[in-house]
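Beneath this line is the structure, given in structure tokens, with notes to follow.
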Ligand SMILES: O=P(O)(O)OC[C@H]1O[C@](O)(COP(=O)(O)O)[C@@H](O)[C@@H]1O
Ligand SMILES: [Mg+2]
Ligand SMILES: [Mg+2]
């Protein structure tokens with residue numbers, strides 16, 4: 001008989017790894033898991049309920065907001081607010097940080113940065129979307145402020161993502177490896193399905209929006225040509241895969257190996273993806289699985305955040321392949 005271990009059971013078991021923990025982080029992860037199930041329920045019947053399409057409004061960064069962006073944002077914030085462990089939430093969908101440190105959360109010490117719905121341009125066409133989250137502790141016992149949100153990725157105590165795909169999975173790390181849980185719809189629980197996830201050291205799949213090719217830095221163009229050039233000894237040409245959902249592209253990269261790149265482009269001279277709630281959490285996960293994540297020349301987790309919605313270029317995936325891409329680019333292309 002195959003033993004079933006739920007996310008809740010796994011979290012309690014792992015609490016022993018944190019001798020001084022009082023269960024707060026475990027409860028926070030539980031709250032995120034609850035919101036994920038609610039969002040999953042809606043994603044699964046998206047065509048049947050009035051949740052497809054745009055709201056007609058732009059979000060704080062001028063991007064078209066989808067109804068599901070708003071719904072997911074509300075669900076995660078509500079779960080964090082009622083869970084009692086989160087004092088501030090920083091969301092892609094909100095221009096400013098939200099203080100939750102009243103009522104049940106008045107003694108909360110965790111800060112959550114979240115992309116409630118990642119890949120939202122894919123919602124209407126039934127391609128996998130996701131949620132990405134990053135968790136830090138406030139720096140002192142004083143009331144948390146924006147300064148506590150703007151911590152380097154190395155300060156994350158946990159990070160994870162949910163992928164709403166052909167099955168729904170929650171993958172997370174608390175800095176001691178990466179574990180993946182698949183939602184079993186018959187019991188409504190995330191169950192351990194991918195223990196101790198390890199990214200292959202090398203890979204033959206590259207993910208980049210090649211439609212932007214003419215606007216890429218020369219080094220990135222060179223790397224793409226390298227991937228496309230025939231060389232049977234190194235398994236080239238490589239396979240190109242790009243969904244437009246960072247969660248889906250990185251989940252594949254984590255399991256099969258390869259590289260995901262979103263470089264600086266003419267449209268996004270500082271990169272497109274957001275440091276605090278996209279790149280930092282994904283970088284912690286990939287590093288914890290044995291991979292590498294940089295902005296082309298510096299480790300993502302060591303970048304100093306200056307603003308809430310700061311963007312960065314990202315090269316992330318199998319260590320060997322990311323190193324190859326870095327060698328072909330020059331640091332000068334990524335100085336901004
Ligand atoms: O369409 P582009 O420019 O290739 O960008 C795709 C990237 O943008 C994102 O969709 C941004 O995420 P959001 O949907 O949360 O804004 C990533 O998931 C994805 O990797
Ligand atoms: Mg996103
Ligand atoms: Mg989003």
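Quick reminder: no glycine exception, Cβ is built from N, Cα and C everywhere.
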Record-annotated Mg(2+) 1 site (TrEMBL): member among 92, 93, 95 besides 115, 117: 92
TrEMBL substrate site partner of 118, 119, 120, 121, 209, 272, selected from 164, 172, 242: 242
Mg(2+) 2 binding, same site as 115, 118 - TrEMBL member from 3, 278, 287: 278
Where residue 121 (substrate binding site) falls in three-state DSSP terms: helix
Residues near residue 117 (Mg(2+) 1 binding site) in space but at least six apart in sequence (CB under 8 A): 39, 66, 68, 69, 72, 73, 123, 129, 130, 131
In sequence order, those binding-site residues of 92, 117, 119, 121, 272, 278 whose CB lies under 6 Å from ligand 3: 92, 117
Proximal residue to residue 115 (Mg(2+) 1 binding site) among binding-site residues 242, 272, 278 (C-alpha distance): 278
